[in-house]
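Novice: Pasting a structure here, questions to come.
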Amino acid sequence: MVGFAVPRRSGGYVAGIGRSIVAVDWSTRTMTSMAEVDEDKGNTRLNDGKVDPYGRLFAGTMAIEVRPAELERHQGSLYSVTSDLTVTKHLDKVDISNGMDWSLDHRTFFYIDSLALTIDAFDYDSDSGLIGNRRVVYRMEEGEGLPDGMAIDVKGHLWVACYNGGRVINIDPAVDYCDLYVTSASLGLNECQDLGLKVVLRSHSQGEHEGTLSANCSTDHW
């Protein structure tokens, strides 16, 4: 199974297949093994992977699933591979190694272990590629889906796909995260095309605040 594929500057791709990191030459349809991970295990595979701003490949593993999201716990790891094919293990006892990205100043590494239901942050050393000082940026609740793939935008906000949750969430890691609860909904003017929502924001450090959101529910298209 292919876990990830990222383009190479020299052409082709680097992909994670099984527990192997391989170079893929699209023109000749050939693969060349570059590195192996989890060599002491027979029940894991590579899942998500991404290249840091300095050209290091970060890639994580997970146990092979019996059914979607049903697997032996704590079998995965997080690795990095440099251009000289040096492999470094950063984390072990991971459930499902998934989304990852770096802050705009490259000083923070964001990471998702899906079954932990958290988006975590680490201090990032750009010279060594090492991570440390793990902390939770956002914690999801049971029933909201599993945090999966992740990307960062030009504002430094994280966009997280929620597997089995039917949504994508937007997180500002620079502020204390909060829980949003919708308490009321009403249709307004403009032929009932304006939807108003009353919401409660529950901050983990500043308590509870009420507010409103509005959206136009027109079915017109461009």
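Heads up, the Cβ atoms here are built off N, Cα and C, so glycines get one too.
Those TrEMBL annotations? Automatic predictions, nothing curated.
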Novice: Figure out which of E39, E65 sits with R45, N47 in the substrate site per TrEMBL.
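Specialist: Answer, per TrEMBL (substrate site with R45, N47), from E39, E65: E65.
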Novice: Give me the Cα-Cα distance between E65 (substrate binding site) and N98 (divalent metal cation binding site), rounded to a whole Å.
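Specialist: About 14 Å separate the Cα atoms of these two residues.
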Novice: Neighbours of the substrate site R45, N47, E65: Cβ within 8 Å of the Cβ centroid, same chain, sequence order.
Specialist: M1, G3, T44, L46, T61, M62, A63, I64, L71, I96
Novice: Among the binding-site residues listed here, N47, N98, whose Cβ has the fewest other Cβ atoms inside 10 Å?
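Specialist: Each of the binding-site residues N47, N98 was scored; lowest Cβ tally within 10 Å is N47.
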Novice: Measure from the CA atom of D148 (divalent metal cation binding site) to the CA atom of R45 (substrate binding site) and give the result in Å, rounded to a whole number.
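Specialist: Computed Cα spacing between R45 (substrate binding site) and D148 (divalent metal cation binding site) is 16 Å.
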